[in-house]
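S.K.: Submitted below is the structure of interest, expressed as structure tokens.
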Amino acid sequence: MEGVRRWLVNISPWHPSEHQFQSLLSLLPSQQRPEVTRFVKLEDRKRALVSRLLQYCLINDVLGIPFDVICILRTTEGKPYMKNRENLLYANFNFSVSHHGDYVGVACEPICLVGFDIVSTTKLENGETLQFLENFVPYFTTFEWDNIVHAGSIDKVLTEFYRYWSLKESYVKAIGAGLGFGLNRLEFHHHNWADIYVCIDGTKLENWRFWFFDLENKHLACVAKGHPKEATGNYQVLLTTVGFDEKGYQNAVELPERGFISLTVDQLLMRWYQLNHV
């Protein structure tokens, strides 16, 4: 479908010098740079920089908007959006970004809301894993938590936890709610992690679809797609078209997920320079 993108960058092989990093940072608008430099650790700075470069490349690639015109802001809940929305090629263009572990990625849709989340399921020490998980008990329903703690080995318990957490993250990212939504209101059901659906306060949502992708080196990616009318108030006012005929929406939400296009950092930068000098 036109206007759909799924991009993924593995940053683990990328080891820039300080000079190289600063040169790439200078490509971003000045107001975006503090969002990268606020991180202390280099790995976090790398993820933040690549995430922002991905967003600008995505908007330029999908909508044809010049880099110097693109203005990316965030709602009060932290949802990124493009400010300049006049005469868009795709009226409901929206995107979601995520980074964790080795990967940084972005997903966009022309009609449906989209939420995207990446998690690294790297095993912790046994005691650390159980102590880590106990911090998240309030965010899950009894049904979900039972599935997590009875998944089997520590590895399986941790992976089960991250799958449920990633589903919740992808949903709240899609609607623009942020983690203040009340994650324990969401209860996810699945059949071997396919045919996934969500209930909110016990009511099943019929307008949503969820997919998982296994990435290399114990990483998972989750994509959520849903109806624009279910965006939160602060985010919904930024969407050009909330009401669609149901047939058009169903055609969009039922499209199969074809996975991600993998890019290296060098390929991403090549896209940046090519698009920025046309």
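Glycine too: its Cβ is placed from the backbone N, Cα and C atoms.
TrEMBL does not curate its annotations; it predicts them automatically.
These came from TrEMBL, pasted as-is:
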type	residues	note
DOMAIN	13-110	domain '4'-phosphopantetheinyl transferase N-terminal'
DOMAIN	114-220	domain '4'-phosphopantetheinyl transferase'
S.K.: Over the domain '4'-phosphopantetheinyl transferase N-terminal' (13-110), what is the model's mean pLDDT?
M.R.: 91
S.K.: For the domain '4'-phosphopantetheinyl transferase' (114-220), jot down how many residues DSSP puts in helix, in strand and in coil.
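M.R.: Secondary-structure composition of the domain '4'-phosphopantetheinyl transferase' (114-220): 48 helix, 31 strand, 28 coil.
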